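Q: Attaching a single structure in structure tokens format; questions to follow.
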Ligand SMILES: [Zn+2]
């Protein structure tokens, strides 16, 4: 593996040239993680050491316990305006630009923030779903998040959602038990169940098979896999790097810190995503 830990890729010309050559060759499949959205103000789940910083709520906890649902939705309601206000950064724009240049095909993202699409990317597969939707666990009805947000606002006219605290990658803000107490959760208007969940793959859930298979096919159609801002610590993303390596498809990565797939990656640049991707676009377009 070629590795650069320098923030300035130009200081490692051999490595940089190899990355440019791979992307310029076209038919690149891109796989992105939380690292591409940190410059938009959405923090990553893990530090550069690969350790998890926060423990997400499991789906079974959410669906089993009314108290867990109250906690989840109070936090999510507080975090939503901040999460929804996040805007694409240079990294997202660069990925869309690489598609415009005809070099990148499918974008597989582990993120639930919709920022690739906001930046103009097409053919985006949201591996872990989208926080823009909410589903009823009992009847399967699907709602736009804005609609559920209005229900929650109506049910909680005195709740202070300006509470300070940083939004987390899953879109919520940590609150104390006192802050959560009294929060009223919303119910599905079709079946009246209050077992509403975000339309994302929560901790304890798996990505559905048709989505996984479509991603494997996208990798198979590609001449290279470019991993952006992911430590690949969870199998949902790691398996695509492993699959590419097995099939002899080169794997490149721009990310911070260690990844689970370091031994599978052919070219790795450890550098900030936005500036590095902007420079990559300039280099391949030249
Ligand atoms: Zn329902």
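From the backbone N, Cα and C atoms, a Cβ is placed for every residue, glycine too.
Below are the features listed in TrEMBL for this protein:
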DOMAIN    9-286  domain 'Deacetylase sirtuin-type'
ACT_SITE  128  active site, proton acceptor
BINDING   136, 139, 188, 191  Zn(2+) binding site
Q: Within the set 128, 136, 139, 188, which recorded positions show a CB-to-ligand 1 distance under 6 A?
A: 136, 139, 188
Q: Quick one: of 188, 191, which of the binding-site residues has the smallest count of other CB atoms within 10 A?
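A: Selected from the binding-site residues 188, 191 on minimum Cβ neighbours within 10 Å: 191.
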Q: For residue 191 (Zn(2+) binding site), which DSSP three-state class applies?
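A: Coil, per DSSP.
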Q: Which of 136, 139 (the binding-site residues) has the most other Cβ atoms within 10 Å?
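A: Result for the most crowded candidate: 136.
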Q: Could you name the residues, excluding 136, 139, 188, 191, of the same chain that surround the Zn(2+) site, i.e. Cβ within 8 Å of the Cβ centre of those residues, in sequence order?
A: 137, 138, 140, 141, 189, 190, 192, 193, 195
Q: Which residues of the same chain, at least 6 positions away in sequence, have a Cβ lying under 8 Å from the Cβ of the residue listed as 'active site, proton acceptor'?
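A: When sequence neighbours closer than 6 are ignored, the residue listed as 'active site, proton acceptor' has 110, 111, 112, 200, 201, 207, 236 within Cβ distance under 8 Å.
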